[in-house]
Amino acid sequence: MEPAPGLVEQPKCLEAGSPEPEPAPWQALPVLSEKQSGDVELVLAYAAPVLDKRQTSRLLKEVSALHPLPAQPHLKRVRPSRDAGSPHALEMLLCLAGPASGPRSLAELLPRPAVDPRGLGQPFLVPVPARPPLTRGQFEEARAHWPTSFHEDKQVTSALAGRLFSTQERAAMQSHMERAVWAARRAAARGLRAVGAVVVDPASDRVLATGHDCSCADNPLLHAVMVCVDLVARGQGRGTYDFRPFPACSFAPAAAPQAVRAGAVRKLDADEDGLPYLCTGYDLYVTREPCAMCAMALVHARILRVFYGAPSPDGALGTRFRIHARPDLNHRFQVFRGVLEEQCRWLDPDT
């Protein structure tokens, strides 16, 4: 029977009065975009030794005017010599080499009268980072090739180091993923795929929907994420499917998310009737990495964050595609992997 409004079925391990679980040895690691997580891309450039340091300021001004680097503002034009025994102390970046790179003279690279090359030595080729580094790891790799500026995202650095969430936040995250694990086990007991999911309003830490995989031959689309999205819709007076045969799938009437209550939801973040999208400002906890269909459903629902336990061969967030971070989509969301990963892996042998 469908739960009464506001009453989400409570797993026994999470009932009131039970001791607060101690955070387990797991890490919620960010799933970054391909640009953030990829290796540093290198391109060839021409540099030259500065033989007369007194000419450095003039040369820097003239070379920068002749060969500006608008697409590489992160590259510093001068670096100390890498060779401790070198007779010159500085080296200057002249210009990118382009596809037809090869030995070039100063006269070819720095024609007069644009540049007076006095004080420079013979040019040489050097690999330099093509794009600005986005993480500290990329920065360390980039500056090993050529000095590079770096505007650090402290949140990303903290997340990669496992320091983004407090002990209290980790305890709440563990509790929500334990609920998802409980739902997955209920699904397995019914002969369904052992995948569970939970939608939470992080402003109040209130559970809005608990669901599990309900897919079958008649409806192969009812993955756990799709079930939860529909249950959130049911809590908002909408929804399409009848989940009364599945008592572990439950919902609570949704209060407006904090962003909506504060009037911070843009027109683009509302549907045609002016209401916010289904999951605006909400978090999803799911035991298994969502597939492409579910990931796109989360884009359309405007989810805020996704926490998944175990990766999936057909996952569309961390394993493939990184749908949540695609710049060509009109919504992006944060994704973290690894919450109770071992427990989630045990649920489904395919993870």
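Indices start at 1 and increase along the chain as displayed.
Positions of Cβ are set from backbone N, Cα and C atoms, glycine also.
As annotated by Swiss-Prot, Zn(2+) binding site applies to His223, Cys291, Cys294. What Swiss-Prot records for 171-336 is domain 'CMP/dCMP-type deaminase', and it gives sequence analysis as the kind of evidence. The N-acetylmethionine annotation in Swiss-Prot covers Met1 and is backed by a large-scale study or a structure entry. Positions annotated as region 'Disordered' by Swiss-Prot: 1-26.
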To see if you understand the setup: which same-chain residues, six or more apart in sequence, place their Cβ under 8 Å from that of Cys291 (Zn(2+) binding site)? His223, Ser312, Asp314, Gly315, Ala316
As a test of the contact definition, list every same-chain residue at least 6 positions from Cys294 (Zn(2+) binding site) whose Cβ is closer than 8 Å to its Cβ. His223, Ala224, Val225, Met226, Ala316
Let's check the environment of His223 (Zn(2+) binding site): how many other CB atoms sit within 10 Å of its CB? 24
Need one number: mean pLDDT over the domain 'CMP/dCMP-type deaminase' (171-336). 90
Cys294 (Zn(2+) binding site) -> DSSP, reduced to three states, gives helix
Extra residues within 8 Å (Cβ to Cβ centroid of His223, Cys291, Cys294), Zn(2+): Ala224, Val225, Met226, Pro290, Ala292, Met293, Ala295, Ala297
When DSSP states are folded down to helix, strand and coil, where does His223 (Zn(2+) binding site) land? coil
